[in-house]
Each structure stands twice: as C-alpha cells, then as structure tokens.
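A.B. asks: Pulled these from TrEMBL:
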- Gly120, Ala121, Gly122, Lys123, Gly124, Thr125, Arg236, Gln281: ATP binding site (BINDING)
- Arg146, Glu168, Ile169, Val170, Gly198, Phe199, Pro200, Arg201, Gln205, Arg242, Arg253: ribonucleoside 5'-phosphate binding site (BINDING)
- 140-170: region 'NMPbind' (REGION)
- 235-245: region 'LID' (REGION)
Amino acid sequence: MLRSTIPSLKLLLRFPYSQKSVFRPSLTKGLISASRIQSYSQKPVVNGASTSGKQDGRNGGKGKLLLILGLLALGTSAISLTYQKNPPVAFEEGPVAVAKKQPAFSKEDVSVLFVLGGPGAGKGTQCAKLVQDYGFVHLSAGDLLRAEQNREGSQYGEMIKKCIRDGEIVPQEVTVQLLKNAITSNFKAGNKKFLVDGFPRKMDQAITFEEEIVPSTMTLFFDCPEKVMLERLLQRGKTSGRIDDNIESIKKRFNTFVETSVPVVEYFDKQNKVIKVSCDQPVDEVYQHVTEALKGKIIN
Ligand SMILES: Nc1ncnc2c1ncn2[C@@H]1O[C@H](COP(=O)(O)OP(=O)(O)O)[C@@H](O)[C@H]1O
Ligand SMILES: O=c1ccn([C@@H]2O[C@H](COP(=O)(O)OP(=O)(O)O)[C@@H](O)[C@H]2O)c(=O)[nH]1
C-alpha cells in the first residue's frame, strides 16, 4: 500500500516544482530590470557624458515609464516570493492527490500470469507447454531484452548485454516498456491471456507493471534446488549460445535471484497470489503439477 503511493506522491511533488520553474525566471528578470531601471533614472549618463536637456526631458518620460515597469516587476517578484514560501506539502492533501495513474488495461481485458523461478528452473519449458495446450501468449522478459539488445540502432543494446552477462536486472523502464508494447500489440490482435515469464524480478518492476499495465492475476512460482538449476544451465550452455550460461554469470544470477527476486515472490505470496510448483522432476511430471495447480484458477 505504502509503496504503491510513492510514484503518485512524486508526481504531486513535481507540480509545485514546475510552478516554481515558471516563477523563478520572472523573479530573476524582475530584479534585474528593476535595478537597471533605477540606474538609468538616477544616472542619466551616456558614455560617461551628461546628456542634453532635450534628452533629459525624454529620459524623464522614459524614466517614469521605466519606473512603472520596475514597480510592476517588483510586484511580480514579491508575489513570486510569497508563493514560494508556501510549502509544497499543501498540494499532497489537495484534490490533485487522488489523481493516480490508471493501468492501461483492466483485469477483465487482459489476464497476466507472472512466471517466476530461479535461472534454469524450467520456466520457459513449462510456458511452451501451456501455450500449446491453453492458448496463452508467452512473453519472456529475457527474450524481449535479448531481441532489444540485438535490434539495430537500439540505444540500450550495450547496457542490456552488460546486465545480462553480469546477472543484473536491466533498469525497469526498459523492460516494462518492452512488455507494454508486446501486450498492447497482442491485445490488438485479439489475445487476452499472457504468461509473463522471468518477470518481475525486482520490486520496482512489480509495482510499475501493475500500476501502468495491468494488475497480475497470479504468480506461478517454480521452486527448484540450486544444484539442479546449475546442472540444467550448464547443460543448456552447451548449445544455447547465451552469454550468461557460464559458471561465472550463473553464480551472479543465483545471487540476484535470492537477494532481489525472492522478495517479489514473497510480496505476491502475502497477497495469496502465488501458486508454487516444485520442478525437480522430469518435464512432463512438472507439467502435470502445473496444470493441476492452475485448474479452476487460471485454466479450466
Ligand atoms: N523438468 C526438467 N527436467 C530436466 N531438464 C529440464 C527440465 N525443465 C527444463 N529443463 C532443461 O533445463 C534447461 C533450463 O530450462 P528453461 O526452461 O530454459 O529454464 P528457465 O526458463 O527457467 O531459465 C533447458 O535446457 C531445459 O531443456
Ligand atoms: O525482467 C527481467 C528479466 C530478465 N532480465 C535479464 O535477463 C537475464 C536472463 O533472464 P531469462 O529470464 O531469459 O533467463 P533465466 O535467468 O531465467 O534463465 C537475467 O539474468 C537478467 O539479466 C532482466 O534484467 N529483467
């Protein structure tokens, strides 16, 4: 609850700041023009010499005009100063505070099953079977990131590559946007049921996704001993061509999983939204557990 309010508070706090940025330049301008006006009217000197009477007269008229303008400028500055003394806190409780971002889709439009588990647990393998039997659209966050990494002209290519190799989480903005694009285009094509695989791996991703795209229906969590995952990954590494299926990267990925991703599973578990399946058995056995666990909740 607390966390979910943070982005909207940030949004609100930006409101008074943007007002300030409108007022600040006028404050500065006001002071500059006021002091210039004063120096013109008090010292009618051009290039160090006194001006003629005619010029004095014209300058006197100009002086009055400039003085009026100066007073106006000072007045604006004073208003601006008064305004800035108001603490931005006042806006937090105003009517704007309720203006929270709406997700792009409702749960009725789109159903999202997050699929989580350690690296090599078998998420992708099980998702492929669910797609075949139940017509889900499978969106692997890792696959989307690898595609973006290889996309010609992508500004994120190098950054994604480094994160994947080091087993770190790519900044959420990139991944959430890729998922949003994929869900939107699939939705337009008439698809409504999504398996979002390998995501969210970090709390910020979980919160942003649910606030901006759609609240998840459930999380399918594959529980697997690290030893089993290691064997599977090293085996996969022989043919996958992935830059992170090597022992050094795998160790880092395991660390990231424990420290950063497990808290996400716990977060959804507290909401009774986690379906846990053990996956230390052959593929088909695991799949049987998956379908049994999902029946009546996600599939019929
Ligand atoms: N139940 C299983 N038993 C044995 N090997 C498996 C099982 N599930 C997946 N694998 C193999 O383990 C590797 C990792 O599986 P994958 O589905 O790619 O995992 P993840 O998507 O969780 O990283 C793959 O080579 C896959 O063929
Ligand atoms: O939301 C995500 C999903 C994946 N990744 C990166 O992609 C890598 C591979 O993830 P994938 O799900 O493809 O493979 P897994 O580690 O589950 O085998 C991860 O280690 C991360 O570096 C990420 O940054 N954010």
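Cβ atoms are placed via backbone N, Cα and C, with glycine included.
Given the structure is predicted, the values throughout are model-derived calculations rather than measurements.
How buried are the listed features, and what sits near them?
C.D. replies: The Cβ of Ala121 (ATP binding site) has 28 neighbouring Cβ atoms from other residues within 10 Å, across all protein chains displayed.
Sequence-distant contacts of Gln205 (ribonucleoside 5'-phosphate binding site), defined as residues of its own chain at least six apart whose C-beta falls under 8 angstroms from its C-beta, comprise Ile169, Gln172, Thr175, Val176, Phe199, Val264.
Counting same-chain residues at least six beyond the ends of the region 'NMPbind' (140-170), those with a Cβ under 8 angstroms from any Cβ of the stretch are 119, 123-124, 127, 178-179, 182, 196-199, 201-202, 205, 242-244, 249-256, 260.
Long-range neighbours of the region 'LID' (235-245) within the same chain, counting only residues 6 or more positions beyond its ends whose Cβ lies under 8 Å from a Cβ of the stretch, are 119-120, 161, 164-165, 167, 253.
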A.B. asks: Out of Gly120, Gly124, Gly198, Pro200, give me whichever of these binding-site residues has the highest number of other Cβ atoms within 10 Å.
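C.D. replies: Of Gly120, Gly124, Gly198, Pro200, the one with the most crowded Cβ is Pro200.
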A.B. asks: List only the single closest residue to Gln281 (ATP binding site), chosen from the binding-site residues Gly198, Pro200, Arg253 by CA-CA distance.
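C.D. replies: Ranked by Cα distance from Gln281 (ATP binding site), first place goes to Gly198.
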A.B. asks: By DSSP assignment, list the helix, strand and coil residue numbers for the region 'NMPbind' (140-170), in that order.
C.D. replies: 19 helix, 1 strand, 11 coil
A.B. asks: So among Arg146, Gly198, Pro200, Arg253, all listed as binding-site residues, which is physically nearest to Gly122 (ATP binding site)? Use the C-alpha atoms.
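C.D. replies: Among Arg146, Gly198, Pro200, Arg253, Gly198.
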A.B. asks: Given the ATP binding site residues Gly120, Ala121, Gly122, Lys123, Gly124, Thr125, Arg236, Gln281 in the record, what is the largest Cα to Cα distance, rounded to whole Å?
C.D. replies: 17
A.B. asks: Taking a cut-off of under 6 Å between Cβ and any atom of ligand 2, tell me which of the binding-site residues Ala121, Gly122, Gly124, Thr125, Arg146, Arg253 pass.
C.D. replies: Arg253
